[in-house]
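**Student:** Please read through the structure below; I'll follow up with questions.
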Amino acid sequence: MKCPRCGKQEIRVLESRSAEGGQSVRRRRECMSCGYRFTTYERIEFMPIMVIKRDGSRESFNRNKILQGVMRACQKTQVSVKQMEELVNEIEEKLQLEDVQEVTTLRIGEMVLERLQRLSEVAYVRFASVYRKFQGIKDFVTELEQLERLETHLRRDLERPLRNSPPSESESTASPDWVGGIPQLLDQNDTSSNLSEIPK
């Protein structure tokens, strides 16, 4: 390996360690001639994947291109560089495990959005605005509404086991309306009950 500064080949390794979740080895190197220090990464060589672009043309899968797009979307957010790299690693690993030879930019974009949604709403909307080519504020509002609906469904899925789980002994004693794990509504014939107080 040649020194990127002086071009000499007398290089020594100062430090080696696992990186990118075990997907690569990071090595810190030093040129013995000029003293310049630099970092290299050794990665597993996966089978090449071709990316089908919107216009039908094809190009080789480039993880750095995806990472740059994610970094732009995550500017001034709390998402760390490590989290961004892990996001791209996860996408690349998933595609390799699926043993696909071709993948569309549409599929890659959706995979990125799915993961950004868990990291940052701001980054999600930024990436979506470029990926889905927003034309105006209406597109942003539509995307935000869709994101809100998704989060609502996720919260309901997380809360459902809690609502359906049987009550503890103390809850059973304190709440006589609970029968068989299902809360009983007030008697519909009870005209004294306030309908606004019935949980919806």
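Every residue gets a Cβ built from N, Cα and C, even glycine.
Straight out of Swiss-Prot:
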{"type": "ZN_FING", "residues": "3-34", "note": "zinc finger"}
{"type": "DOMAIN", "residues": "49-139", "note": "domain 'ATP-cone'"}
{"type": "REGION", "residues": "158-200", "note": "region 'Disordered'"}
{"type": "COMPBIAS", "residues": "186-200", "note": "compositional bias 'Polar residues'"}
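What does the local environment look like for each feature on the list?
**Tutor:** Residue counts for the zinc finger (3-34) by DSSP state, with H, G and I taken as helix and E and B as strand, are 3 helix, 17 strand, 12 coil.
Per-residue confidence over the domain 'ATP-cone' (49-139) averages 87 (mean pLDDT, predicted model).
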**Student:** So what's near the zinc finger (3-34) in sequence-distant terms, Cβ-Cβ under 8 Å and 6+ beyond its ends?
**Tutor:** 40-44, 85-86, 89, 93
**Student:** When secondary structure is assigned with DSSP, how many helix, strand and coil residues does the domain 'ATP-cone' (49-139) contain?
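**Tutor:** Going by DSSP assignments, the domain 'ATP-cone' (49-139) contains 57 helix, 9 strand, 25 coil.
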